[in-house]
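Per TrEMBL, the features are as follows:
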ACT_SITE  H64  active site, proton acceptor
BINDING   D65, V68, G70, D72, S74, E87  Ca(2+) 1 binding site
BINDING   P164  substrate binding site
BINDING   H194  heme b binding site
BINDING   T195, D243, T246, D251  Ca(2+) 2 binding site
DISULFID  C33-C114  disulfide bond
DISULFID  C66-C71  disulfide bond
DISULFID  C120-C319  disulfide bond
DISULFID  C201-C228  disulfide bond
DOMAIN    23-323  domain 'Plant heme peroxidase family profile'
SIGNAL    1-23  signal peptide
SITE      R60  site 'Transition state stabilizer'
Amino acid sequence: MAAALRLAVAVTCALVLASACQGLQVGYYKKTCPRVEHIVRAEVKKFVYKNAGIGAGLIRLLFHDCFVQGCDASVLLDPTPANPQPEKLSPPNFPSLRGFPVIDAAKDAVEKACPGVVSCADIVAFAARDAAYFLSRFRVKIDMPAGRLDGRVSNASEALDFLPPPVFNITELVGSFAAKGLGVEDMVVLSGAHTVGRSHCSSFVPDRLAGVPSDINAGFANVLRRRCPADPTPADDPTVNQDLVTPNAFDNQYYKNVLAHKVLFTSDAALLGSPETAKMVKDNAYIPGWWEDRFKEAFVKMSRVEVKTGKQGEIRKNCRVVNHDHAYKHY
């Protein structure tokens, strides 16, 4: 019986994301740094209550970290002579990715309490969880497992390879998430994070407003044309809220916007591109609490993608540099 149980567990581990069987657990720091989650939450609260957009940035930061090299804080690494082009400087991340000072502040506070114990990757996951909690007015409460290690590799080209761009159609989106072990519903549910945050005009104007036929609502398109230059440049590239109805609330309004054709990206509109995903959009839009419950599960699942354990990683002293700079090679 015991042997059969062990076999069943082994088979299960082979079928789910490998990281789910690599020691990630809720309360991971209970003995080694018992106050870590309180410390991170206090830092996130300070920043988010001053600027809700930082909260949106922290949620996006985890997504952009996990899809490249796994959830290993590789997106935090600054350029060095050995690696002048880390993920942080890749077009999907620069200059739009926000939240780095929050992670720095949280890491400093955690290091004072428990030096050398808590990884930057776990701090990114905790901070994203806390941002969702505050922006949802405490409705999205996530039990975030921990135990990730920090990676030593960060390559700008990989961000282009793995982060789904805003021009993706439904087939491309499903494939991009499947490559990270995430299902169709995970993709639809995680897309709901576009209910907060802002986008640069350059991310949607050429694809959605450049005179080509589009399924975007005409009145909404006119609002965007008033706010965006017809040909955005790095010197003239304003931002607009992704959700014009409840821009700072982490809620299910995004799905109502998708149904009304009032979304910025092709990848948002694409969620209506198959009967399966269109039904998910409607459920998320109209059934109270449906999206929030599913988001908690999908967010944790994403936070387990390709985590590093054992000798694969380290616990950085400074989230912006690897512990031994000479080990930080450009791959």
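Cβ coordinates come from backbone N, Cα and C, glycine included.
Automatic prediction, not curation, is the source of TrEMBL annotations.
Quick caveat, the model's predicted, so the values are computed rather than measured.
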Which of the binding-site residues D72, H194, T195, D243 has its Cα nearest to the Cα of C319 (disulfide bond)?
-> D72
Confidence summary (mean pLDDT) of the domain 'Plant heme peroxidase family profile' (23-323) = 97
Counting only residues outside T195, D243, T246, D251 in the same chain, those with C-beta within 8 angstroms of the Ca(2+) 2 site's C-beta centroid are V196, V245, P247, N248, A249, F250, N252, Q253, Y254, N257
When you average the Cβ positions of D65, V68, G70, D72, S74, E87 for the Ca(2+) 1 site, which other residues in that chain have a Cβ within 8 Å of that mean position?
-> H64, C66, F67, Q69, C71, A73, V75, G151, S154
Packing count at C201 (disulfide bond) (other Cβ atoms within 10 Å of its Cβ) | 23
Could you check which of the binding-site residues (G70, D72, T195) sits closest to C120 (disulfide bond), going Cα to Cα?
-> D72
Compare the Cα of C228 (disulfide bond) against each of the recorded positions H64, P164, T195, D243, D251 and report the nearest.
-> D243
Where's the emptiest Cβ shell within 10 Å among the binding-site residues S74, T195, T246?
-> T246
